[in-house]
Amino acid sequence: MKVTVVGAGAVGASCAEYIAMKNFASEVVLVDIKEGFAEGKAMDLMQTASLNGFDTRVSGTTGDYSKTAGSAVAVITSGIPRKPGMTREELIGINAGIVKEVTANLVKHSPEVIIIVVSNPMDTMAYLVHKTSGLPKNKIIGMGGALDSARFKYRLAEALDCPISDVDGMVIAAHSDTGMLPLMSKATRNGVPVSEFLDAEKQAYVEEETKVGGATLTKLLGTSAWYAPGAAVSVLVHSILCDQKKMIPCSLMLDGEYGESDICLGVPAIIGKNGVEKIVDISLTDEEKEKFATAAKAVREVNGDLKF
Ligand code: NAI
């Protein structure tokens, strides 16, 4: 099956690389507006095929969307990333225009496509795609929770001084420094609640480091991260293309779930061949419910800046 990745920059190229390396898609088409850039990234990636042992065909185009026709999944990473000190929300002006235009081009050539939105501010960009694409809501998925949960697990394993595969945890709510909600009450080490191992101070440290995970990397790199975002997208695409029905937190249009409506926020969902197969209702503590509502309020304010 064919996958399109729009934006051949840091995150887009990383997505394409992980998707190709995992060998589950027949074809990946990279699209960028910078002349020759997507073609170059695609050629470079294809020259790793014999080295890395994959058969996925990777091609690139400078804005010719006819090459994306018939895509089962399209990933939108086009737009500007944040610089040190910037919030994701500050990117809205430029990225909204790009995401809207890219969405229209994708849907024109692949009316059945499932869109994964990566560009920031992601919850608001996912909302914009819902409002402008005409696609059913199960076909629009914002990628944030998969990445933030991976960062949560990284910080949990660090605090517990144990292998990452021993820990489990999930981050829901907004993909923003303040609106992220790492569910400490549900985090486990080998099935045992982490509260058995970490005192309140260590738990607070893990939560805080998870929430500023993106900002920490932006400060170190001078731009936002790409390996983990690319890997997180590839996990979503894999679950769709191979109908794995994995439970992955994603930013989805809510219609009463978790007490919210007409907003995209991170919630756990089953991801399979139809995109969003089901939003999973997990019980939250009163404090978590309050934090979820506060995150929703902040995202709604950012959504208010959108012009359709
Ligand atoms: P980048 O600057 O490396 O790449 C963006 C690419 O988009 C550039 O190559 C640019 O030429 C291209 N582009 C711009 N306008 C376009 C258009 N109209 N059509 C096609 N291509 C276009 O940026 P990077 O680091 O790859 O980040 C991309 C976006 O992803 C940013 O908005 C960033 O904030 C976001 N991001 C989101 C994450 C998430 O968890 N949701 C994680 C990391 C980044």
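Using the three backbone atoms N, Cα and C, a Cβ is placed for every residue, glycine included.
Unlike curated records, TrEMBL annotations are generated automatically.
Note that the structure is predicted; figures quoted are calculated from it, not measured.
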For the NAD(+) site that TrEMBL assigns to Gly7, Ala8, Gly9, Ala10, Val11, Gly12, Asp32, Val118, Ser119, Asn120, which of the candidates Asn52, Asn95, Asn190 is also assigned? Asn95
Nearest to Arg82 (substrate binding site) by Cα, among Gly7, Asp32, Val118, Asn120 (binding-site residues)? Asn120
Averaging pLDDT over all residues of the domain 'Lactate/malate dehydrogenase C-terminal' (147-300) gives 97
Rounded to a whole angstrom, what is the largest C-alpha distance between any two of the residues Arg82, Arg88, Asn120, Arg151 that the record assigns to substrate? 18
Lowest local Cβ density (other Cβ within 10 Å) among binding-site residues: Val11, Val118: Val11
If you skip the near sequence neighbours and keep only those at least six away, which residues in the chain come within under 8 angstroms of Arg88 (substrate binding site), Cβ to Cβ? Arg82, Asn120, Pro121, Met122, His175, Ser176, Asp177, Gly214
Using the centroid of the Cβ atoms of Arg82, Arg88, Asn120, Arg151 as reference, list every other same-chain residue with Cβ within 8 Å of it (recorded substrate site), in sequence order. Pro81, Thr87, Pro121, Met122, His175, Ser176, Asp177, Gly214, Ala215, Thr218, Ser224
Cα separation, Arg151 (substrate binding site) to Asp32 (NAD(+) binding site) (Å, whole number): 28
